[in-house]
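The active site annotation in Swiss-Prot covers D72 and rests on sequence analysis. Annotation source Swiss-Prot lists active site, proton acceptor at E137, citing sequence analysis. Under the heading Zn(2+) 1 binding site, Swiss-Prot lists H70, D103, E166. Per Swiss-Prot, Zn(2+) 2 binding site is recorded for D103, E138, H352.
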Amino acid sequence: MSGTLALTEQLIARASVTPDDQHCQRLLIERLAALGFEHETIESNGVTNLWAVKRGVDGTAGKLLAFAGHTDVVPTGPLEQWHSAPFEPTHRDGKLYGRGAADMKASIAGFVVASEEFVAAHPAHRGSIAFLITSDEEGPATDGTIKVVEALQARGERMDYCIVGEPTSSARLGDMVKNGRRGSMSGKLIVKGVQGHIAYPHLAKNPVHLLAPALAELVAERWDDGNEYFPPTTWQVSNIHSGTGATNVIAGHADVMFNFRFSTASTVEGLQARVHAILDKHKLDYDLQWTVSGLPFLTPRGDLSNALAAAIRDETGVTTELSTTGGTSDGRFIARICPQVIEFGPLNASIHKTDEHIEVAHIEPLKNVYRRVLEQLIA
């Protein structure tokens, strides 16, 4: 059994459902300390975070390449729907099954072993290696990576490159990497009316009827045209609720929850202003609360994306695609202190599902890609 596969199985065997790390990071610390990494643990509201650094011979003047990942996993769902116990690593048909196999314990194991091999081959490496690991990525993400980033910001520390081990591959290992992510902003809208008997609409004010024209305009609005890296911004309704459940009562208010996924072609302030303008145009009496979950970030083509593309091509023969599709990731926090953030990891078809798995044949190539990037950028 390869060292990468063995470490992946050790991590899967720990039921680290958010925010419980189940001592996964302790296992990583033991491996990294043996390589000469200095580490610190940052805990916040039950979340465990790890920042570990091994300086190169150039010290703080050299480039720093970080790996960012999460030891936490999503809940298993109904156990009876799994064909094997989710926290007992199981081999079947050339695949390794277990919660977190693809998202993202194989990636973490891969970068740890890649670092071990790199340090052994390049003991006088010029640049520095770092790990930023959290147990709060799959949950609220309020006490995880963001807390480490804030601590690093406070003392003036930065990264030059960061690889986030998210499972980005689609059909073949390495066919897609993420060089950015869209921002996410949600709104909770309450349109006020006047409750009344449905037989006497002149004595009431139906908020659903008042809302409908504005809602149609919001749905039809083209918010931007996107750009070279991002598709156009989208606006989607997630929930609509009004009424008491009775068939003879006009509701007193209508509630709508919606979400923007927006690119660098738009701003939070600009999108909010346009929504308010449409609602005001329709003379609605309303309350609107906004929640910004993350701002968009983008890494243009550069040293990290080029090194990763070359490593993937040399290891797998695959020509990778830069993409910004999908949901948010912790890359949005890391981009505050790192100019080049790229996500790369295994196939994502089974993540968050029952019978999550990774192809065993992909585990060593994944590790080798990470090692090749280390060799290109900081040897």
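Backbone N, Cα and C define each Cβ position, glycine as well.
Feature annotations (Swiss-Prot) mapped to structure.
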{"residue": "H70", "record": "Zn(2+) 1 binding site", "Cβ within 10 Å": "32"}
{"residue": "D72", "record": "active site", "Cβ within 10 Å": "26"}
{"residue": "D103", "record": "Zn(2+) 1 binding site", "Cβ within 10 Å": "27"}
{"residue": "E137", "record": "active site, proton acceptor", "Cβ within 10 Å": "26"}
{"residue": "E138", "record": "Zn(2+) 2 binding site", "Cβ within 10 Å": "22"}
{"residue": "E166", "record": "Zn(2+) 1 binding site", "Cβ within 10 Å": "29"}
{"residue": "H352", "record": "Zn(2+) 2 binding site", "Cβ within 10 Å": "14"}
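In this structure, the CA atom of D72 (active site) is 12 Å away from the CA atom of E166 (Zn(2+) 1 binding site).
The binding-site residues near E137 (active site, proton acceptor), taking a 10 angstroms Cα-Cα threshold over the set H70, E166, H352, are H70. Cα-Cα distance from E166 (Zn(2+) 1 binding site) to H352 (Zn(2+) 2 binding site): 13 Å (rounded to the nearest whole number). Summary of the Zn(2+) 1 site environment: with the site residues H70, D103, E166 set aside, the chain residues having Cβ atoms within 8 Å of the Cβ mean position are G69, M104, S107, E137, E138, V164, G165, P167, S329, G345, I351. Within 8 Å of the centroid defined by the CB atoms of D103, E138, H352, the record's Zn(2+) 2 site, lie the Cβ atoms of V73, V74, G100, I351, excluding the listed residues themselves. E138 (Zn(2+) 2 binding site) sits 8 Å from H70 (Zn(2+) 1 binding site), taking the C-alpha atoms as the reference points. The CA atom of D103 (Zn(2+) 1 binding site) is located 8 Å away from the CA atom of H352 (Zn(2+) 2 binding site). Between H70 (Zn(2+) 1 binding site) and H352 (Zn(2+) 2 binding site), the C-alpha separation comes to 14 Å. For the recorded site, E138 (Zn(2+) 2 binding site), the DSSP three-state label reads coil.
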